[in-house]
Amino acid sequence: MNYRMIGFAIGRILLVEAALLLLPMAVALGYGESPVPYLLPAALLVLCGGLLSFKKPRQASLFARDGLAVVALAWIAVSLFGALPFYISGSIESFVDCFFETVSGFTTTGATILTEVESLNRGILFWRSFTHWVGGMGVLVFVMAILPMGGDGHGMHMLRAEMPGPAVGKLVSRMSDTAKILYGIYLVMTVIEIVLLLAGGMPLFDACIHSFGSAGTGGFSSRNLSVGAYNNPYFEIVIGIFMLLFGINFNLYYFLLVRRFRDVFRSEELWAYVLIVATAVAAITLDIVHMYESVGTSLRHAFFQVSSIITTTGYATVDFNTWPTFSKAILVALMFIGGCAGSTAGGIKVARVVILQKVSVSEMRRMLHPNAVPAIQFEGKPLNERSIRGVHLFLAVYLMVFVASCLLVSLEQLDLVTTFTAVAACINNVGPGLEIVGPMGNFSSFSPWSKLLLSFDMLVGRLEIFPMLLLFAPSIWKRRLPSRRLVD
């Protein structure tokens, strides 16, 4: 374990977080609010980050376990420091609640303990939603896009540990250039959404807040009733479409830019994603049509909520807690499926669902024809045993963490639906669940210990399980352990 290099990398990340706090501080000053809640944490971050990264270690190599440790520890560190503005400003009294809110922001979960969002200072509201935007594409990807972190192999491994999906690759030869391309696309799409919301009459501050939430698929709003507070079909269509766009693999946008149209339209995951969305919207529309004045209104609400839940954003236009059981069951299923690999969305990912379906069909065919050796392909490439085993391992560990979390949270003695969907909403980075934690509810009723557990679930879900769990493996902390060096 290269402790000095790990500390150096985390120090760089803390320095970037200090710079990021200047934005909410500027917003606070613009609205005549105190800059202290942002200035003090920024100064502390500069001190800690400077001490950790003052001198680059001579041994700058990162091994696999080092990269995993950097990713997991960095996310915990930025969440702890990111909680300070909430605590210093007095917006949230308990530091555990501050940590929960911040983890929810950076992991783009959108679960909240706040009951009165509109009473918060503008600077705090901005920071709260800005964490979505930074965490959406990945904290370390953001840092790599603006600051060198070491060898390109180091960056590749950290990207693999942080970016969602069963496989991550470079778009261009240099990892730092790949990070810049991803964040460039991300920034342009965010700006376009802000402009479209402004064109519809949404105030600039609200347009930024909801675009940050859509881009990061997070779901924090500046309104107590979320997007439903506006009761504006135009806003719902714009935000709904952009939620779906941000739920698509960002590699496909790069392929569009370089005119690799065939790669885009041959994407199995993209077509599966579109099919799931279309089917869910149609089914829910038919199920809730009796609840609204017209088919158009039912379609409007179904489209928005399906877009919100499958991309794990968590915005709401209506209280879907009141919808029929069938519609709520569809939304819960979408929570688990999530968006595409390589997007800002959470969940298991459509790619894994497609691979699992292909493997299941292949195994059933093998039962009928024992001597057959069916080839399994995904995205035009044959799947090897290692890839299939990786999907199975992810799902097995995911299920174990989910069940264990449900059992521990059930000690709260809340109803089963609340317990189940609270854990599902956190580990899939969705935000709202059903019943007490529904779209018009929050997580304030949970004990501090359950909030810490749910915060852990958010980090586990955002980092795809293994980086967080490996922190508890004693072997990862040994100084001398045979380990494969990271290569491209």
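Keep in mind that glycine also has a Cβ here, set from the backbone N, Cα and C atoms.
Annotations in TrEMBL come from automatic prediction, not curation.
What TrEMBL records for 38-55 (among others) is transmembrane segment.
Taken from TrEMBL, the feature transmembrane segment covers 67-88 (among others).
What TrEMBL lists as K(+) binding site is T108, T109, G218, T312, T313, N429, V430. The Cβ neighbour count for N429 (K(+) binding site), using a 10 Å radius over every protein chain in view, is 34.
According to TrEMBL, the transmembrane segment annotation covers 130-150 (among others).
The transmembrane segment annotation in TrEMBL covers 181-205 (among others).
Counting residues 6+ beyond its ends, the transmembrane segment (234-258) has Cβ neighbours under 8 Å at 136-137, 165, 169, 171, 181-182, 185-186, 189, 193, 196-197, 200, 202, 210-211, 214-217, 227, 264, 267, 269-270, 273, 277, 300, 303-304, 307-308, 310-311, 313, 315, 317, 339-345 in the same chain. Feature annotation from TrEMBL assigns transmembrane segment to 234-258 (among others).
Per TrEMBL, the feature transmembrane segment maps to 270-292 (among others).
According to TrEMBL, the feature transmembrane segment maps to 329-355 (among others).
The transmembrane segment annotation in TrEMBL covers 391-411 (among others).
Sequence annotations record features per position, and here TrEMBL assigns transmembrane segment to 459-477 (among others).
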Intrachain C-beta neighbours of T109 (K(+) binding site), sequence separation six or more, cut-off 8 angstroms
V103, G218, G219, T312, G314, G346, A425, C426, N429, V430, G431, M458, G461, R462
Number of Cβ atoms other than its own within 10 Å, given for V430 (K(+) binding site):
33
Can you find at least 3 Cβ pairs under 8 Å between the transmembrane segment (67-88) and the transmembrane segment (329-355), where each pair is 6 or more residues apart in sequence?
no
Which of T108, T312, T313 (the binding-site residues) has the most other Cβ atoms within 10 Å?
T313
For G218 (K(+) binding site), the number of neighbouring Cβ atoms whose distance to its own Cβ is within 10 Å equals 32
